[in-house]
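Trainee: So TrEMBL has the following annotated:
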- Lys44: N6-(pyridoxal phosphate)lysine (MOD_RES)
- Lys44: active site, proton acceptor (ACT_SITE)
- Arg139, Met319: substrate binding site (BINDING)
- 250-375: domain 'Alanine racemase C-terminal' (DOMAIN)
- Tyr271: active site, proton acceptor (ACT_SITE)
Amino acid sequence: MPRPISAIISLPSLRHNLAVCTAQFNIANSSGPHAAPKVWAVIKADAYGHGIENAVQAFELADGLAMLDLAEALRCREAGWTKPILLLEGFFEPSDLKLIEHYSLTATVHNSEQIDMLEAAAPASPVNIFVKLNTGMNRLGFEPRDYRGAYARLERLQQRGIVGSLGKMTHFARADDSAEVTREQVRLFNETTLGLPGEVSACNSAGTFTPGCWQSVAPGSAQWGRPGICLYGASPFAGRTAQSMGLLPAMTLRSQLICVRTIPAGAGVGYGHIFTAERAMRIGVVACGYADGYPRHASTGTPVVVDGVRTRLLGRVSMDMLIVDLDAVPQAHVGSEVVLWGEGGPSADEVAAAAGTIAYELLCAVAPRVPKTVI
Ligand SMILES: *Cc1c(COP(=O)(O)O)cnc(C)c1O
């Protein structure tokens, strides 16, 4: 029998979360003269650990899918996705352009080397492009002083039939915690791209859920949002729960107790004995460890639900197991159900906070050895 651990992926929750994100654009739309943005559902990193094929199925109402990896983009096409696919880092070498052309992928262009490659490869059918501007993230994108020159070069390639549609994009660095920084990024984007034709794309999840944000981006242009984490039911904001945003967890990491014991006062628990029992207590061993993707940095007190009761992690997480406090769960026994995060358990955001990280990392890091069950 396999170990009793699994990640349950809920397609209805993924669908629900997409609808909640889309509604952010529609609700906001009723207050102004803006056309609601279309949605790129961001499915990089195997759909934040939920599985590309599951995402293709659940996000069928999205206008497009966005990711980094060419192989993942091809999987989307093989799974039957016919709408646009955006490669967020574009292409890395000239041979990528053959696949981009063959599978009709849209590419981000963020540096002049990519324009050189396009020009040299001169694909026979035009490639659709979003040209990225660095507005302060300082990761990918042309500098504002170079942007219009790059855009003009691509327009010349467009006239030669090498480039198809041309759009403009940027990425926010602090949409989760600084309205001021985001406003400055939007201002720089609008100023730099003013008058250039084409669709625009800017808002990640935090931007999507910030009132007034998308309406301020290139007013009058057709826009694409790019939500990611919210589609999976986690929050991009440190102080705002996914639940309060109307989102549902799409992944539930569950396992079982594989051992139960009582330890005396003064006994240490697990590697390093970093937790010591103050009094006699009942503890349980869960078949889930850091090799499954549970964060090793989670400390004593991290919430865990055992047989429907919220309790806590004790001591250090091992490679394949972790230990929990059963004092509040007297009925717990070998085989009792344990929810590490997700429906019926703590949120991935809570567990991440207890481990000094973010839910993004936990969801992406669930190990391939954990079987996925799709509901
Ligand atoms: C990851 C990513 C997104 C989505 O970000 P979330 O915070 O998960 O919503 C959007 N755009 C780009 C360029 C990204 O890399």
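Yeah, the Cβs are placed from backbone N, Cα and C, and that goes for glycine too.
Unlike curated records, TrEMBL annotations are generated automatically.
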Trainee: Take the C-alpha atoms of Lys44 (N6-(pyridoxal phosphate)lysine) and Arg139 (substrate binding site) and report the distance between them in angstrom, rounded.
Mentor: 17
Trainee: DSSP says what for the domain 'Alanine racemase C-terminal' (250-375): how many helix, strand, coil residues?
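Mentor: Result for the domain 'Alanine racemase C-terminal' (250-375), in helix, strand, coil order: 20 helix, 45 strand, 61 coil.
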Trainee: Highest CB neighbour count within 10 A among the recorded positions Lys44, Arg139?
Mentor: Lys44
Trainee: Distance check, please: Cα of Arg139 (substrate binding site) against Cα of Tyr271 (active site, proton acceptor), rounded to an integer number of angstrom.
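Mentor: Here the two Cα atoms lie 39 Å apart.
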Trainee: Would you mind reading off the Cα separation of Met319 (substrate binding site) from Tyr271 (active site, proton acceptor), to the nearest angstrom?
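Mentor: Between the alpha carbons of Met319 (substrate binding site) and Tyr271 (active site, proton acceptor) there are 11 Å.
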Trainee: Taking 10 A as the limit, how many CB atoms besides its own sit near the CB of Met319 (substrate binding site)?
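Mentor: Excluding its own Cβ, the number within 10 Å is 12.
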Trainee: Are there residues of the same chain, six or more positions away from Tyr271 (active site, proton acceptor), whose CB falls under 8 angstroms from its CB, and which are they?
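Mentor: Once residues fewer than 6 apart are set aside, Tyr271 (active site, proton acceptor) is near Gly315, Arg316, Ser318.
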